[in-house]
Each structure stands twice: as structure tokens, then as C-alpha cells.
Amino acid sequence: MKVSAAALCVILTTAALCVPASASPYASDTTPCCFAYISRALPRTHIKEYFYTSSKCSNLAVVFVTRKNRQVCANPEKKWVREYINSLEMS
């Protein structure tokens, strides 16, 4: 009986030590991923902010947020996208 109680204690201690150090699950990252980019430039006056997609996404993208809170995916390699980002950073 003492052997099985000791074995159970060892198993529970081992299991507790094997828990990952990070308590936050991957699902807590709410940044959207983009699977396609907008084909043409948006009017600059419609954009209020931007952010980059998570590094966990398969495609790197810039997400522009419009004045109507619509999120639009754009290719960060396009010249107009870089210009819009620079403009938003300056303001």
C-alpha cells in the first residue's frame, strides 16, 4: 500500500513539473491572419490605423483598419502600402 501511494505521489509530482511554462494558450492571440491581399490601393483618407499580422500566420501582411472599422489585408511589399505606413507613422 505504501509503495502504491509513493508511486502515485511521484507520478503526480512529475506530471505537475511537465506542465508548460507558458500558461497562455496560442488561441489567446486574436490577431487575424490574411490569406489574400487587396488588389488595388485604398483611398488614404479611409484608413485610420494599421497593424501587422502575427508571426504565427503563414502570410505576412499589413492589416489596414478603415474609418468604418473594416479590416483590409495588404501586401507589405507593395509601394503604396509602405507609403501609407510611413504616412500613418508621421501623423
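The first residue you see is number 1, and the count goes up from there.
Using the three backbone atoms N, Cα and C, a Cβ is placed for every residue, glycine included.
If you go by Swiss-Prot, Cys73 shares a disulfide bond with Cys34, out of Cys33, Cys34. The CA atom of Cys34 (disulfide bond) is located 8 Å away from the CA atom of Cys57 (disulfide bond).
In three-state terms derived from DSSP, Cys73 (disulfide bond) belongs to an extended strand segment.
If you take the C-beta of Cys57 (disulfide bond) and look for same-chain residues 6 or more apart in sequence within under 8 angstroms, you find Thr31, Cys33, Cys34.
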